[in-house]
Structure formats: structure tokens, C-alpha cells
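Listed in TrEMBL for this protein:
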TRANSMEM  17-34  transmembrane segment
TRANSMEM  129-148  transmembrane segment
TRANSMEM  160-182  transmembrane segment
TRANSMEM  202-228  transmembrane segment
Amino acid sequence: VPQPAGVSPWRRLHMSLNLMALLFSTTAFITTHWCEGTQRVPKPNCGKDKKTNCLNYSGNETANETNQNVVHYSWETGDDRFLFRYFHTGIWYSCEENINAAGEKCRSFIDLAPASEKGVLWLSVVSEVLYITLLVVGFSLMCLELFHSSNVIDGLKLNAFAAVFTVLSGLLGMVAHMMYTQVFQVTVSLGPEDWRPHSWDYGWSFCLAWGSFTCCMAASVTTLNSYTKTVIEFRHKRKIFEQGFREEQTFLDQEAIKYFQERSVQSVSGSVEVFVDSTASLRKSEISPTSVDLCGV
């Protein structure tokens with residue numbers, strides 16, 4: 001039973017959701033804004049090149065730089081002696097504001113993670129790669145299904161495989177996001193002291209990652225819905241076709257039986273008439289000579 005021409009709205013929907021999940025996950029994987037916040041670092045000493053956001057001991061900059069034996073005093077206390085620099089972290093790198101110059105400086109987040117969490121972090125990275133790979137496979141199968149729209153069986157097989165790959169990718173993505181979140185929270189507590197955040201929150205890359213997971217699961221649901229709907233429609237049409245074929249076959253059998261019954265009755269009646277005619281003519285031929293002989297006597 002061929003499918004109607006054109007692309008159905010359900011197919012457009014799950015292809016769009018799968019493509020959005022793929023774009024979101026790839027963007028989140030390569031960016032460094034999963035978590036962001038501020039770090040509290042001591043203010044540097046003031047010098048010739050730095051006049052602000054620094055510690056000025058007794059207002060004597062020259063003495064601060066040349067005479068190391070002189071005791072210097074600063075009136076700044078508490079949080080005034082610290083700078084709060086902005087930082088953002090991703091799967092691969094952690095970048096922070098450079099307080100001594102313009103721009104940012106980045107370092108590997110894998111090196112910042114505690115030794116006990118490096119295995120979990122690498123497992124998270126592998127899961128993210130598999131997540132993106134399965135999304136690519138699922139989207140490719142959905143595109144390939146468009147070229148088999150006239151073949152119901154091939155289309156159903158591709159639809160089923162696309163749904164399976166999409167569900168598996170969604171599960172891997174969820175596990176990967178959760179593992180990275182766990183590693184980051186442990187690194188906040190046990191990481192290097194010069195990196196530990198003073199305050200932090202989740203960034204837009206983290207939102208994209210979970211948005212990708214949401215689109216992925218929505219795509220899998222719509223794909224399974226489309227597959228189930230197609231199977232039900234195909235079975236219904238097949239049932240109607242078989243039922244109509246049985247009724248037509250029964251009608252033909254009844255007509256054939258009636259036809260052969262009528263033909264057999266006509267054939268028997270014709271045979272009886274022929275037999276009666278032949279018997280009568282035979283009797284006439286036998287009686288005629290006898291009557292002639294009697295008349296002669």
C-alpha cells in the first residue's frame with residue numbers, strides 16, 4: 001500500500017527536533033560556558049603599570065618595589081583585599097579573567113579535576129561523543145527514509161531504527177550531562193585553591209546541553225508515534241483488503257457452484273430427452289414389420 005505523496009507533518013517535526021538536538025549538543029560540547037561565576041583572588045601590589053585594583057602600601061610605590069625589609073601597611077581589610085574575577089568552564093577548558101592584562105587565560109579542565117574524578121570525566125567525554133554520533137546516525141536514517149516513501153516496509157524499518165538510535169542517544173546524553181555536573185561539583189570543593197570559585201551558576205552551554213536532551217527525547221517520541229501510527233494504518237488496510245478478498249472469493253465460489261449446478265441439471269435433462277426419443281424410435285421400428293405380416297395373413 002503506497003503512502004501519500006509529500007512529507008507528513010510528523011516526519012517534519014521529528015526531523016526538526018533531531019536537527020535541533022544535534023546542533024545544541026555540538027555547540028555545548030565545544031563551548032566553555034557550562035558553569036560560570038566569580039573567583040576570589042588577592043589583589044596584586046600596585047606598581048608603575050598598575051594603578052587600580054591593587055594594594056598600595058602607605059602610598060609609597062617605590063619603597064614597595066625596592067626595599068623588602070621595610071614593613072608596609074594597608075588600610076584595606078576583609079573582601080577589599082581581594083578581587084572577584086569572572087570565570088567560565090566547559091568540558092575541555094576553564095577560562096578566567098586576566099587581572100594583570102586584557103583578555104582571558106585558559107587551562108585544561110581535565111587537569112583541574114581531582115585525580116579521583118578524572119575517570120568519570122573521561123567517561124563523560126566519551127558519552128558526549130557517542131551521544132552526538134548517535135544523533136547523526138538517527139538524523140541520517142530519517143533523511144534516508146524520505147527516499148523510501150513509496151515502500152512501506154523499508155520505510156517502517158528505517159523509522160524503527162531511527163527511533164532506537166534516537167532513544168539510545170538521549171539516554172547517553174543524560175548520563176554524560178549528569179557525570180560532568182558531578183565532576184564539576186567535586187572540583188569546586190577539591191580543586192586547586194587558585195581556581196576554586198567563590199560563587200558559580202550554570203551557564204548557557206549547560207542549558208543548551210539539556211535543551212538538546214529534551215529535543216532528542218521529543219524526537220524519539222514523535223518517531224515512535226509515527227512508526228506506531230504507520231503500523232496500525234498498514235495493518236488496518238491489510239485487514240480490510242483481506243476481508244474484502246474473502247468476501248469476494250466466497251461470492252465467486254457461490255456463483256461458480258450455482259453455475260455448475262445449473263449446467264449439470266441441463267445436461268442431465270438433455271440426456272434424458274435424447275434417451276426417451278431414441279427408445280421411442282426403436283420401438284416403432286420393431287412394431288412396423290409385424291403389423292405388415294398380420295395384414296398379409
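Every residue gets a Cβ built from N, Cα and C, even glycine.
Tertiary proximity for the transmembrane segment (160-182) is limited to same-chain residues at least six positions away from its ends with a CB under 8 Å from its CB atoms, namely 18, 25, 34, 91, 117, 120-121, 123-125, 127-128, 130-135, 137-138, 141-142, 145, 206, 209-210, 212-213, 216-217, 219-220, 223-224, 227. Taking Cβ pairs closer than 8 Å, the transmembrane segment (129-148) reaches residues 7, 11, 14-15, 18-19, 21-22, 25-26, 29, 154-155, 158-159, 161-162, 165-166, 168-169, 172-173, 176, 216, 219, 223 in its own chain, all 6 or more past its ends.
Using a Cβ-Cβ cut-off under 8 Å and counting only residues 6 or more beyond its ends in the same chain, the transmembrane segment (17-34) has close neighbours at 88-95, 106, 128, 131-132, 135-136, 138-139, 142, 166, 173, 180, 184, 202-206, 208-209, 211-213, 215-216, 218-219, 222.
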